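Participant: One structure follows; several queries about it will come next.
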Amino acid sequence: MGCYMSKKERREPGFEDPAIIASETAFTVNEVEALHELYKKMSSSVVDDGYIQKEDFVFALFRNGNKQNLFADRIFDLFDAKRNGKIDFGEFVRALSIFHPRTPEAEKIACAFRLYDLRNTGYIEHEELEEMVLALLNESNLNLSEDIVKGIVDKTFNEADINGDGRIDLEEWKEYAAKNPSLLKNMTLPYLMDITLAFPSFVMNSETDVSKWQPKNELINTLPVNKQS
(Lines of atoms letter the chains of each structure in order from A and count residues from 1; the text may use other names and numbers.)
(Lines give C-alpha, C1' and ligand atoms only; values in the text may rest on other atoms or scores of the structure.)
Protein backbone atom coordinates (compact mmCIF):
# COMPACT_ATOMS: atom_id res chain seq x y z
CA MET A 1 0.00 0.00 0.00
CA GLY A 2 1.06 3.63 -0.37
CA CYS A 3 3.12 5.59 2.10
CA TYR A 4 -0.04 7.30 3.35
CA MET A 5 -1.21 4.17 5.14
CA SER A 6 2.20 2.88 6.17
CA LYS A 7 2.90 5.36 8.94
CA LYS A 8 0.58 5.34 11.89
CA GLU A 9 1.51 8.81 13.00
CA ARG A 10 -0.11 10.24 9.90
CA ARG A 11 -3.56 9.28 11.10
CA GLU A 12 -4.60 12.71 12.25
CA PRO A 13 -8.05 13.41 13.70
CA GLY A 14 -10.71 12.77 11.10
CA PHE A 15 -8.57 10.18 9.31
CA GLU A 16 -10.22 8.35 6.44
CA ASP A 17 -8.94 5.51 4.32
CA PRO A 18 -7.70 7.09 1.05
CA ALA A 19 -9.29 4.23 -0.88
CA ILE A 20 -12.71 5.24 0.47
CA ILE A 21 -12.13 8.91 -0.35
CA ALA A 22 -10.96 7.96 -3.85
CA SER A 23 -14.11 5.90 -4.41
CA GLU A 24 -16.24 8.96 -3.63
CA THR A 25 -14.25 11.55 -5.60
CA ALA A 26 -12.60 12.04 -8.99
CA PHE A 27 -9.14 11.33 -7.56
CA THR A 28 -7.19 8.08 -7.59
CA VAL A 29 -5.81 6.56 -4.39
CA ASN A 30 -2.31 7.79 -5.28
CA GLU A 31 -3.62 11.30 -5.85
CA VAL A 32 -5.45 11.26 -2.52
CA GLU A 33 -2.19 10.23 -0.85
CA ALA A 34 -0.38 13.04 -2.66
CA LEU A 35 -2.98 15.60 -1.54
CA HIS A 36 -2.37 14.54 2.04
CA GLU A 37 1.06 16.17 1.91
CA LEU A 38 -0.56 19.47 0.95
CA TYR A 39 -3.19 18.99 3.64
CA LYS A 40 -0.54 18.41 6.34
CA LYS A 41 1.23 21.63 5.40
CA MET A 42 -1.97 23.66 5.36
CA SER A 43 -3.25 22.18 8.63
CA SER A 44 -0.09 23.19 10.48
CA SER A 45 0.58 26.60 8.94
CA VAL A 46 -1.01 28.51 11.84
CA VAL A 47 -2.74 26.06 14.21
CA ASP A 48 -1.07 22.62 14.29
CA ASP A 49 -3.89 20.33 15.42
CA GLY A 50 -4.46 18.01 12.47
CA TYR A 51 -7.30 20.08 11.02
CA ILE A 52 -7.36 23.06 8.66
CA GLN A 53 -8.74 25.81 10.86
CA LYS A 54 -10.08 29.08 9.45
CA GLU A 55 -6.75 30.74 10.25
CA ASP A 56 -4.82 28.06 8.33
CA PHE A 57 -7.15 28.32 5.36
CA VAL A 58 -7.09 32.12 5.14
CA PHE A 59 -3.30 32.08 5.49
CA ALA A 60 -3.03 29.66 2.54
CA LEU A 61 -5.27 31.86 0.38
CA PHE A 62 -4.02 35.29 1.41
CA ARG A 63 -0.73 34.68 3.26
CA ASN A 64 -2.40 36.58 6.08
CA GLY A 65 -4.15 34.67 8.84
CA ASN A 66 -5.87 37.77 10.17
CA LYS A 67 -7.72 38.73 7.00
CA GLN A 68 -11.47 38.30 7.37
CA ASN A 69 -13.95 38.86 4.57
CA LEU A 70 -17.01 37.37 2.95
CA PHE A 71 -15.05 35.79 0.11
CA ALA A 72 -12.78 33.87 2.48
CA ASP A 73 -15.77 32.84 4.58
CA ARG A 74 -17.70 31.44 1.61
CA ILE A 75 -14.78 29.41 0.29
CA PHE A 76 -14.08 28.07 3.78
CA ASP A 77 -17.75 27.11 4.16
CA LEU A 78 -17.58 25.24 0.87
CA PHE A 79 -14.82 23.04 2.28
CA ASP A 80 -16.28 22.82 5.81
CA ALA A 81 -19.08 20.42 4.86
CA LYS A 82 -19.69 19.34 8.47
CA ARG A 83 -20.14 22.96 9.57
CA ASN A 84 -17.96 22.51 12.66
CA GLY A 85 -15.54 25.36 11.98
CA LYS A 86 -12.66 23.19 10.76
CA ILE A 87 -11.76 21.10 7.73
CA ASP A 88 -10.66 17.48 8.00
CA PHE A 89 -8.82 15.64 5.28
CA GLY A 90 -11.90 14.00 3.79
CA GLU A 91 -13.67 17.35 3.50
CA PHE A 92 -10.58 18.90 1.92
CA VAL A 93 -10.29 16.30 -0.84
CA ARG A 94 -14.03 16.11 -1.51
CA ALA A 95 -14.25 19.89 -1.94
CA LEU A 96 -11.25 19.94 -4.27
CA SER A 97 -12.86 17.15 -6.27
CA ILE A 98 -15.62 19.57 -7.34
CA PHE A 99 -13.01 21.37 -9.45
CA HIS A 100 -11.66 18.19 -11.04
CA PRO A 101 -12.03 17.95 -14.85
CA ARG A 102 -13.85 14.61 -14.52
CA THR A 103 -16.45 15.88 -12.06
CA PRO A 104 -19.95 16.08 -13.64
CA GLU A 105 -21.12 19.53 -14.62
CA ALA A 106 -24.24 19.19 -12.46
CA GLU A 107 -22.06 19.06 -9.33
CA LYS A 108 -20.15 22.17 -10.40
CA ILE A 109 -23.41 24.05 -11.00
CA ALA A 110 -24.71 23.08 -7.55
CA CYS A 111 -21.42 24.14 -5.97
CA ALA A 112 -21.51 27.55 -7.65
CA PHE A 113 -25.10 27.96 -6.46
CA ARG A 114 -24.11 27.22 -2.85
CA LEU A 115 -21.40 29.88 -2.95
CA TYR A 116 -24.01 32.54 -3.61
CA ASP A 117 -26.70 31.15 -1.31
CA LEU A 118 -25.20 33.02 1.64
CA ARG A 119 -27.99 32.29 4.10
CA ASN A 120 -28.49 28.67 3.05
CA THR A 121 -32.14 29.21 2.17
CA GLY A 122 -32.06 27.32 -1.11
CA TYR A 123 -32.34 30.58 -3.06
CA ILE A 124 -29.99 33.31 -4.27
CA GLU A 125 -31.44 36.63 -3.19
CA HIS A 126 -30.66 39.93 -4.91
CA GLU A 127 -28.74 41.18 -1.88
CA GLU A 128 -26.69 37.99 -1.67
CA LEU A 129 -25.59 38.22 -5.27
CA GLU A 130 -24.61 41.85 -4.80
CA GLU A 131 -22.63 41.04 -1.66
CA MET A 132 -20.71 38.31 -3.45
CA VAL A 133 -20.03 40.47 -6.52
CA LEU A 134 -18.58 43.16 -4.25
CA ALA A 135 -16.48 40.61 -2.39
CA LEU A 136 -15.19 39.20 -5.68
CA LEU A 137 -14.32 42.63 -7.00
CA ASN A 138 -12.55 43.45 -3.76
CA GLU A 139 -10.38 40.34 -3.94
CA SER A 140 -9.66 41.03 -7.62
CA ASN A 141 -8.64 44.60 -6.74
CA LEU A 142 -11.25 45.94 -9.15
CA ASN A 143 -13.04 49.17 -8.35
CA LEU A 144 -16.34 49.54 -10.19
CA SER A 145 -18.99 52.16 -9.63
CA GLU A 146 -22.19 51.33 -7.80
CA ASP A 147 -24.09 51.72 -11.07
CA ILE A 148 -21.95 49.10 -12.81
CA VAL A 149 -22.26 46.67 -9.91
CA LYS A 150 -26.01 47.20 -9.86
CA GLY A 151 -26.07 46.60 -13.61
CA ILE A 152 -24.21 43.28 -13.21
CA VAL A 153 -26.65 42.09 -10.55
CA ASP A 154 -29.78 43.33 -12.34
CA LYS A 155 -28.72 41.77 -15.65
CA THR A 156 -28.08 38.43 -13.97
CA PHE A 157 -31.48 38.47 -12.26
CA ASN A 158 -33.29 39.55 -15.42
CA GLU A 159 -31.91 36.48 -17.18
CA ALA A 160 -31.94 33.94 -14.34
CA ASP A 161 -35.09 34.75 -12.34
CA ILE A 162 -37.45 33.04 -14.76
CA ASN A 163 -40.58 33.09 -12.58
CA GLY A 164 -39.99 36.68 -11.49
CA ASP A 165 -40.26 36.07 -7.75
CA GLY A 166 -37.16 38.14 -6.97
CA ARG A 167 -34.89 35.21 -6.19
CA ILE A 168 -33.07 32.45 -8.05
CA ASP A 169 -33.66 28.81 -7.17
CA LEU A 170 -31.43 25.89 -8.15
CA GLU A 171 -33.51 24.92 -11.19
CA GLU A 172 -33.39 28.48 -12.51
CA TRP A 173 -29.65 28.54 -11.84
CA LYS A 174 -29.21 25.34 -13.86
CA GLU A 175 -31.05 26.86 -16.81
CA TYR A 176 -29.03 30.04 -16.52
CA ALA A 177 -25.78 28.04 -16.51
CA ALA A 178 -26.90 26.08 -19.56
CA LYS A 179 -27.40 29.34 -21.46
CA ASN A 180 -24.15 30.82 -20.16
CA PRO A 181 -21.50 28.07 -20.33
CA SER A 182 -18.74 30.53 -19.47
CA LEU A 183 -20.29 30.65 -16.00
CA LEU A 184 -18.60 27.34 -15.16
CA LYS A 185 -15.38 27.86 -17.10
CA ASN A 186 -13.29 28.29 -14.00
CA MET A 187 -15.07 25.63 -11.98
CA THR A 188 -12.50 23.25 -13.46
CA LEU A 189 -8.83 23.34 -12.50
CA PRO A 190 -6.89 21.39 -15.16
CA TYR A 191 -3.91 20.60 -12.92
CA LEU A 192 -6.14 18.48 -10.70
CA MET A 193 -6.26 15.95 -13.55
CA ASP A 194 -2.99 14.53 -12.31
CA ILE A 195 -1.93 15.74 -8.89
CA THR A 196 1.14 13.49 -8.93
CA LEU A 197 2.48 15.39 -11.95
CA ALA A 198 1.36 18.84 -10.84
CA PHE A 199 2.91 18.40 -7.41
CA PRO A 200 5.58 15.67 -7.68
CA SER A 201 7.18 16.68 -4.38
CA PHE A 202 4.05 15.46 -2.58
CA VAL A 203 4.59 11.92 -3.79
CA MET A 204 8.28 12.00 -2.96
CA ASN A 205 7.26 12.95 0.59
CA SER A 206 9.77 15.78 0.58
CA GLU A 207 9.34 19.22 2.09
CA THR A 208 6.34 20.85 0.40
CA ASP A 209 6.03 24.61 0.11
CA VAL A 210 2.38 25.56 0.54
CA SER A 211 3.07 28.91 -1.09
CA LYS A 212 3.45 27.08 -4.43
CA TRP A 213 -0.20 26.08 -4.20
CA GLN A 214 -2.07 29.36 -4.20
CA PRO A 215 -5.79 28.66 -4.66
CA LYS A 216 -6.81 32.28 -4.21
CA ASN A 217 -6.80 33.31 -7.87
CA GLU A 218 -8.32 30.04 -9.07
CA LEU A 219 -11.08 30.17 -6.47
CA ILE A 220 -11.78 33.83 -7.19
CA ASN A 221 -12.31 32.88 -10.81
CA THR A 222 -14.75 30.14 -9.87
CA LEU A 223 -17.21 32.75 -8.66
CA PRO A 224 -19.50 33.04 -11.67
CA VAL A 225 -20.10 36.77 -12.04
CA ASN A 226 -21.92 37.63 -15.25
CA LYS A 227 -20.11 40.83 -16.21
CA GLN A 228 -21.63 43.29 -18.58
CA SER A 229 -19.97 43.61 -21.95
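Glycine too: its Cβ is placed from the backbone N, Cα and C atoms.
Grabbed the feature section from TrEMBL, which reads as follows:
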{"type": "DOMAIN", "residues": "67-102", "note": "domain 'EF-hand'"}
{"type": "DOMAIN", "residues": "104-139", "note": "domain 'EF-hand'"}
{"type": "DOMAIN", "residues": "148-183", "note": "domain 'EF-hand'"}
Participant: Return the average pLDDT for the domain 'EF-hand' (148-183) as a whole number.
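Facilitator: Reported value for the domain 'EF-hand' (148-183) is a mean pLDDT of 94.
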Participant: DSSP on the domain 'EF-hand' (148-183): how many residues come out helix, how many strand, how many coil?
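Facilitator: Taking each residue of the domain 'EF-hand' (148-183) in turn, the totals are 26 helix, 3 strand, 7 coil.
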Participant: Could you give me the DSSP helix, strand and coil counts for the domain 'EF-hand' (104-139)?
Facilitator: 26 helix, 3 strand, 7 coil
